[in-house]
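**Student:** Sharing the record's features from TrEMBL:
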{"type": "COMPBIAS", "residues": "1-11", "note": "compositional bias 'Polar residues'"}
{"type": "REGION", "residues": "1-28", "note": "region 'Disordered'"}
{"type": "TRANSMEM", "residues": "252-277", "note": "transmembrane segment"}
{"type": "TRANSMEM", "residues": "289-308", "note": "transmembrane segment"}
{"type": "BINDING", "residues": "Ser352, Lys358, Glu359, Asp388, Lys580", "note": "UDP-alpha-D-glucose binding site"}
{"type": "ACT_SITE", "residues": "Asp388", "note": "active site"}
{"type": "BINDING", "residues": "Lys581, Asp605", "note": "Mn(2+) binding site"}
{"type": "ACT_SITE", "residues": "Asp830", "note": "active site"}
{"type": "TRANSMEM", "residues": "900-923", "note": "transmembrane segment"}
{"type": "TRANSMEM", "residues": "935-956", "note": "transmembrane segment"}
{"type": "TRANSMEM", "residues": "1033-1055", "note": "transmembrane segment"}
{"type": "TRANSMEM", "residues": "1061-1079", "note": "transmembrane segment"}
{"type": "TRANSMEM", "residues": "1091-1111", "note": "transmembrane segment"}
Amino acid sequence: MGSESPVNFSGGSPRVHHVTQTSNDLDSDIGGVEFATYTVHIPSTPDNQPMGMSMEWSTSQRVEDQYASSSLFTGGYNCITRAHLKEKVIESVTSHPQMTGAKGSNCAVPGCDAKVVTDERGVDIVPCECDYKICLDCYRDAIRTGDHICPGCKEPYKELDVSEYAGNNGQHLQVPFTSKMERRLSLMKSTAVMGRQSSEFDHTKWLFETKGSYGYGNAIWPKVAVDGSQEGIGGDPKVFHDKQWRPLTRKLNISAAILSPYRILILVRMVVLGLFLQWRIRNPNEDAVWLWAMSVVCEIWFAFSWLLDQLPKLCPINRITNLDVLKEKFESPNPSNPTGKSDLPGIDIFVSTADPEKEPPLVTANTILSILAADYPVEKLSCYVSDDGGALLTFEAMAEAASFANLWVPFCRKHAIEPRNPESYFNLKRDPYKNKVRPDFVKDRRRLKREYDEFKVRINGLPDSIRRRSDAYNARDEMKAMKLGREIGNDEAVEKIKIPKATWMADGTHWPGTWTVSAPEHSRGDHASIMQVMLKPPSDEPLRGTSMDSSSLDLSEVDIRLPMLVYVSREKRPGYDHNKKAGAMNALVRASAVMSNGPFILNLDCDHYIYNSQALREGMCFMMDRGGDRICYVQFPQRFEGIDPSDRYANHNTVFFDVNMRALDGLQGPVYVGTGCLFRRTALYGFDPPRGKKGRNGCCCCSGFSARGRTRKSSSSVASAPEVASQDCQSIEVGEFGEDEEMNLALVPKKFGNSSFLVDSIRVAEFQGRPIADHPSMKHGRPPGALTLPRELLDASTVAEAISVISCWYEDKTEWGQRIGWIYGSVTEDVVTGYRMHNRGWRSVYCVTKRDAFRGTAPINLTDRLHQVLRWATGSVEIFFSRNNALLASSRMKILQRIAYLNVGMYPFTSFFLIVYCFLPALSLFSGQFIVQSLNITFLAYLLGITITLILLAVLEIKWSGIELEEWWRNEQFWLIGGTSAHLAAVLQGLLKVIAGIEISFTLTSKSGSDDADDEFVDLYIFKWTSLMIPPITIMMTNLIAIAVATCRTIYSVIPQWSRLLGGVFFSFWVLAHLYPFAKGLMGKRGKTPTIVFVWSGLMAITISLLWVAISPPSGTNQIGGSFQFP
């Protein structure tokens, strides 16, 4: 028998239970999760009585939740954690019941200014029919000392608590109150009783353990399914035999007609390259050995680099998901979940921002709105915004976004809006009314457009609003200080008074974070921890709107709940390394573990929003499928908006995301690229994956808090019975430290820190992240229906603990950033973090959805693009010179995966050889020599073979990846542009860090927030000089001068060497063709070339000409001053 649906009890009336029977009861050979339901009518018995709940206890829990979600929490190093109750956080009016700020009316008892408790809709809860408003404390006083008399109408309260009810009925039904961890783990216990809701108790106990019985129950097998439909399980139990297990995902292999020739061509090109290099080494150019030697060395490196890049592409695959199966398994009635409540695991979404000047608050706010409107169970979703700058501007922008979400999110759900970023949606160039059938869509859309325009005005006006407010409050304080000084009579003291220029919040208090004018303990690198629950956790049951809402939107059929939204700014103090973005992410990992503990984590940059509202479900298909417990993360491709149509600087990067990443998916998985990645929380904690071998029935977080895998006593396979789940959970606790004498509870703080909340949450996250054990081969799963219980409300102690774990000192003497969480020590912490997971044996998955999952912005300006590439390349150099070098990888990493990571660390070093090779055509033209003795048939044949195989490989890659030829060519062009500029600087910076210990710092990449309607791509034409441009400019000018010199010399030569001229000119044009986008970027808009370009070009042209005349003077003289003559 399975679990039952909640039952509404009324005194003395028969109860109706929906009892399920699994297919295993009918046929033990079937391992599916299908079930049948029949109804049992149970008469009243002496021990089958209704269970009440005291208003005082439930209300006190609501008060605690309301207080925690309406307070701004601060704390940190050497300071007390404080909760500042906020009447308001923004100047505009907010109405949503989940919105932060003290809700409810004031208590009507004289002398009391406390707030009245409100329900989920924000309506005041009053205990008396006279509607006298009274707070919880005053109500308690009235019960204890006032003889249950209402202070308003002077009549007795009519409500009865549990003890009074039990006394009248001759027995007491005690509701068990468990600890925080026990309540979390109660979902795995068959006899658990959830005390927070009267309907959540063990019905099986009442059915089978009753001490007295009057009459018999009646079992009725329904003729139709539980939901009333004719499909599914009805009157015939044999229908179970027709239901088969279906996977959530499928792997689609590339067609053999494409992949086989592709692999053969790779082999052929390897052979051709080998023969060519052998021929080149054996046939030197005796007339120009120096030219021949440089070219051969470069060609050998290019061949080696090509192998590193090409070998991991041998096994490309595609994957697809089935969202219908996901809904059937996790959101349809099953034995443990007859009501069909969502059994999906929770997801914590991290959004990181650091500087509101470079990352416009409006962009971040739109990203938040797209997350809040995502198509995922509301109660399972939490969003954390990390403000590493601690700016009040970001704080108030997030509060404005939470307020606007009151309209935007229900509108999206009502009309199935895509995308759910309001800025992107209202700027769509297609017909917004297409396929919209509801008659009120036009009216609703116009209303939302007006509201969004006002929302943008408020967001864009926040800087001025904060400045004016702060100036007013600071002026008031100065006036008070001066008045006080004059009263004292000290005129000199009045003149010396200097009030700190504080930044003020909307409620007239100091902002605890960074002030506009920096001050001690209020600067970017010195401020306290700040945490504010902008939207408190939603209720467990759907909350429908009304047709009479003030928004004038008919939301009577729409769930108006919003996911939890939390603003987080970690503590920063001088002397503590905050480790940039990696440190901010680790702070969010710890804070979210304490507050919501979602077993999965999605991280997004502030400019990357959810473009496909079902993207989270797509990713969850992989995590919850068979074998999903070995997946550490699901990486989505990055797609960009606002890129110029020609994609001049290869910003779309489709070759990497659609070729390289798909190919890695066929190995051990794609690399982590920093955003749009769904993580398994326990993988971030540094645990090993479950081995999946006989004798192992769990991952390393079940067998010990150690990175080493240990074999523990094999238990029976995980079944769907709650009793088995309880035993399995118990074995987790016993096995964690029992087998290894060296590992005990005292050593846990050395890994995770001294937060018991955080340590206790690890077991829960591991269990909740398991796939459902709905298949005989699923040896490491959880029972179905285990995640349908409501999560507990927030309390002040929980938020205070979250403040503690984001303090600057928390990571001291722990393994955070070393083995746990995002890894420190590299500017590309994303690649290193993914590498560590693969190195422990985890695998990752690449999820390419039909509709782009996420979209973001990319720097289309040449200078910003080069600096972005410089940062990536510098991180790769750091990886190469660190212990994260793939040459030192463990045996758990596959060979081809190791080659892929080795290529990640080595590709910047190609810049040395690439720059030399780009100068070779010019040197050849200047000297009149070539890299070979003569352009004979052998050299031309090898050259033709290498070129043809390269073209054919490109064609096949385009075929199986779906990219376009222009995108492939743009990638080739920018490979040379970046290789001759940013990659060279990255290698030099990396060497300086390794040899001299000079740290590397990068400025934050500016995110585009331009509203320029005249030119959408105005940033494309902005020219900003950088030293990274010097090498490409030098290469272009040198080759152009060399072509001119060689052409003139050949024309006026007595015996023209046209073959050598053509060879040199061909290679020079090859270089210049690749640098064409760079040259176009230097020209700016409409050919307005900056003066600095002409200055540098002229200087280099003069320098190169003088240098060449000095090296090869005309008329056989060694003096530059002689007359110039063509040979």
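Placement of Cβ uses the backbone N, Cα and C atoms for every residue, glycine included.
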**Student:** When you rank Lys581, Asp605, Asp830 by Cα distance to Lys358 (UDP-alpha-D-glucose binding site), which of the recorded positions ends up on top as the closest?
**Tutor:** Asp605
**Student:** Quick one: pull the CA-CA distance for Asp388 (UDP-alpha-D-glucose binding site) versus Lys581 (Mn(2+) binding site), whole Å only.
**Tutor:** 8
**Student:** May I ask which of the stretches 289-308, 1033-1055, 1061-1079 has the most CB pairs under 8 A with the transmembrane segment (252-277)?
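**Tutor:** Out of the listed stretches, 289-308 contacts the transmembrane segment (252-277) most.
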**Student:** When the Cα of Glu359 (UDP-alpha-D-glucose binding site) is compared with the Cα of each of the recorded positions Lys581, Asp605, Asp830, which one is closest?
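**Tutor:** For Glu359 (UDP-alpha-D-glucose binding site), the spatially nearest of the recorded positions is Asp605.
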**Student:** Once the chains shown are all counted, how many other Cβ atoms turn up within 10 Å of the Cβ of Glu359 (UDP-alpha-D-glucose binding site)?
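**Tutor:** A count of 22.
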**Student:** For the transmembrane segment (900-923), name the stretch out of 289-308, 1033-1055, 1061-1079 with the most CB-CB pairs under 8 Å.
**Tutor:** 289-308
**Student:** Could you give the Cα-Cα distance between Lys581 (Mn(2+) binding site) and Asp830 (active site), in whole Å?
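**Tutor:** Cα-Cα distance, Lys581 (Mn(2+) binding site) to Asp830 (active site): 10 Å.
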**Student:** Excluding the flanking five residues on each side, which residues at least 6 beyond the ends of the transmembrane segment (289-308) place their CB within less than 8 Å of a CB in that stretch?
**Tutor:** 270, 273-274, 276-277, 280-281, 899, 902-903, 906-907, 910, 913-914, 916-917, 920, 923-924, 927, 929-932
**Student:** In whole Å, how far does the CA atom of Ser352 (UDP-alpha-D-glucose binding site) lie from that of Asp605 (Mn(2+) binding site)?
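**Tutor:** A Cα-Cα distance of 6 Å.
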**Student:** Express in Å, rounded to the nearest integer, the largest CA to CA distance found among the UDP-alpha-D-glucose-binding residues Ser352, Lys358, Glu359, Asp388, Lys580 named in the record.
**Tutor:** 16
**Student:** Across all chains shown, how many C-beta atoms besides its own are within 10 angstroms of the C-beta of Asp830 (active site)?
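**Tutor:** I count 24 other Cβ atoms within 10 Å of it.
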**Student:** Hey, which of the binding-site residues Ser352, Lys358, Asp388, Lys580, Asp605 is the loneliest by Cβ count within 10 Å?
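**Tutor:** Selected from the binding-site residues Ser352, Lys358, Asp388, Lys580, Asp605 on minimum Cβ neighbours within 10 Å: Lys358.
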**Student:** Per DSSP, Lys358 (UDP-alpha-D-glucose binding site) is which: helix, strand or coil?
**Tutor:** coil
**Student:** At the level of the C-alpha atoms, what whole-angstrom distance separates Lys580 (UDP-alpha-D-glucose binding site) and Asp605 (Mn(2+) binding site)?
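**Tutor:** Just about 14 Å between their Cα atoms.
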